[in-house]
Amino acid sequence: MSSDLYLVEQAKRGDKEAFGYLVEKYEKKIFSLALRICGQREEAEDLAQEIFLKVYQKLNTYQGEAAFSTWLYRVAANTCFDRLRQLKREMSIQKEFNEREFYKKALTPEEEFFNRQEILNIEKALQTLPEDLRLVLLLREQYGLRYEEIAKALSLNLGTVKNRIFRAREKLRKLLMQQGEGGMDSGV
Amino acid sequence: MECNEVRELLSAYIDGEVTAEEKKQVERHLQSCAGCREAYGQYVDMGAVLKMLPFLEPDTPLREKVQDKIKYKRNILNRFIWSEWVAVAVAMVLVFALGITAISLSGLTLYPKNEAVEVVRDKAVSVAGGPSEGALPDEQNTGVLPAKSPAKFAPDLTGEEATFKTTSTDERKIVKTASGKLTVKKLEDFDRWLAQELGRVNGYVKFSREEKEIRELTLMIPADKLKSFVDDLKKQGELESYSENAEDVTKAYRDMEIRIKNLESEIAAVRALLIKAQKVEEILAVRAELNRLTEELEITKASFEDLKQNVAYSTLNLKVVKEKTAQIGEDSLFKNLGKKIKEQFVKAFNNFFTVLIKLFFLLIYLLPYLILLLLIIFFVYRFKKKKSGT
């Protein structure tokens, strides 16, 4: 039994500490996903909380058929999309990438030294991708999920996952190329 | 293959999600297409950066915040669970009450009614104080109720019959049937004893079947001698599964008496007509009627004699077996086992459906309350959901 599964079993029995560990373990991953999907820090913190509360409520429906993390991402994605719909209705969605929203804490010296501009460029490009494409690409590249896991988490078929990842890459590539040109233009 | 087609495969190729065949196709294409080679490089670089994206931290750790909310939620949950228990308890009481009502309606247990009948009956017997009272064995009060119990009989009387009630209810007419199994040491001794005993009580053998070690007998014993006969019988061997059944035929008895009287007076009246009749047709018609009446009288009288005989003589179905020859298969419990099972089965299903139908009617009767209950549950649920939503 994986450590996640063990903690889930304990949490199901009402062990609050066990669930606490799970929250601690996944809070950054979930918060990051929420932030990169909705683009706003405050909103993302709210969302992350809501996601974990939902997970706790639904814990009994999780029977260990998939990895806990896959199941968690599924709940996260659904909650994020629900909120996005609401935000779009209220026209309060932020489209532009705002560095301060994302990187309140400074990048680590390593990140700073090696990739600062690259990271910021890609974050910016990501924010202009449609959310569904952004989500599959993040789950694949950043979260390391296999296509099958993504399909399970998002209730999609494999072909759709494959196609969306491709479209996401292609769009992102073009965006980055535009950015490069634009960057050069402004640099000149 | 077009570049566009290859690109999608290329993307999957990078993720290691292609078949061996697809892999070959992609690699072949990459060798010959500079554009796709460039795209491939860009995809890989992008992936490297994406993998390097940091997981960001929320301003305040989530653990405590979430746990605080969970505590709060759990309290509400607990309350809800508690109220659920209350609902379960209420439902159980309701079902219990329903069940009792349904059962009492279906007539499965009618103890109170039966007791009432027994009381009236006992009174009737003790008031009547007729000779048959003494012959009633004790078991009869707990035994099967006769088809016509006095409590039911009395209100049934109307008109003409009512006059008979005053003149002849002092004597109950009871038909008794008894059965039992007797195990004896020697059948010859029993045969000898039976001949003597029948002479003593003035009874007779109505039917008998003799086998090597078994006697099946139907004995007719004068009603008032049955008790002493059975007492003596018990001394001859071991008497098992002995039972007595008493049927009150008073009403049938009186009805027949009246019928005979009526027929007799009618015949007398028709005879008088016969004397007066002058035309041949008239004589023929009256004679035909007279014949019909006489025949009916004969039949009624015969049945009356039968009934009288039955009242005067108790029937005792006796099975006599030699010791150690008793067979389990012959035991009364196993006799007609299939038939008994079938009967019980039919009975059980009849009862089941009766209860079901009664329950259905009760459900309709209780519908307003059930709707109210559902509404309450609905609102409690909504309230709970609203609370947990905040």
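Using N, Cα and C of the backbone, Cβ positions are placed for all residues, glycine too.
Here is what TrEMBL says about this protein:
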- A:22-89: domain 'RNA polymerase sigma-70 region 2' (DOMAIN)
- A:120-172: domain 'RNA polymerase sigma factor 70 region 4 type 2' (DOMAIN)
Local confidence of the domain 'RNA polymerase sigma-70 region 2' (A:22-89) - pLDDT mean: 88
The domain 'RNA polymerase sigma-70 region 2' (A:22-89): DSSP-derived helix, strand, coil residue counts: 60 helix, 0 strand, 8 coil
Composition by DSSP (helix, strand, coil) of residues within the domain 'RNA polymerase sigma factor 70 region 4 type 2' (A:120-172): 43 helix, 0 strand, 10 coil
